Amino acid sequence: MATVLRGTKVVEQFEHVAFGRGGVSPLRLKGRDKTPLGEFRITRVNQNSPFHIFLGIDYPRLEHIDRARKRGLISDAEYKRSIDHGARHGEFPQDGPLGGYIGFHGIGDGDPDVHDNFHWTQGCIALTNDQIETFESLVAVGTPVRIE
């Protein structure tokens, strides 16, 4: 379920959301199809997505990069590349070992039955096309989101 709040008031709830095929995890690695858990912000909106609408989040964040380095999942060189990229571009690389391009999206021309019965994404949170339209109308770039 996905819930939109204004303060502590529930504005909208969405049932039958799909997560990554690999489940959820506090630290997502590229290619593992897991949805990252944590606090994020909406960073971009693509209304011409193959998934109908895509609302990207700021994954990975500094805490993910730090955690990956401490666990030996990324090298010191990759850590430095990520930090340098973040300083230059205002966001961390989307193509590194932690992956990226994570967000909320619709199903596009996908099968609604698959969506209703399986967690099918590569790490994103999928809603139906109608749900993502409603979701987009309730959030904006900069809106905080929590995935739990």
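Backbone N, Cα and C atoms are what each Cβ position is placed from, and that goes for glycine too.
Note that the structure is a prediction, hence the values are computed from the model and not measured.
For His105, the entry in TrEMBL reads active site, proton donor/acceptor. Among the features that TrEMBL reports, active site, nucleophile is placed at Cys124. What TrEMBL lists as domain 'L,D-TPase catalytic' is 1-148.
For His105 (active site, proton donor/acceptor), applying a Cβ distance below 8 Å and a minimum sequence separation of six or more within one chain yields Ser49, Phe51, His52, Ile53, Phe54, Leu55, Thr121, Cys124, Ile125, Ala126, Leu127, Ile132. The Cβ neighbour count for the residue listed as 'active site, nucleophile', using a 10 Å radius and every protein chain shown, is 24.
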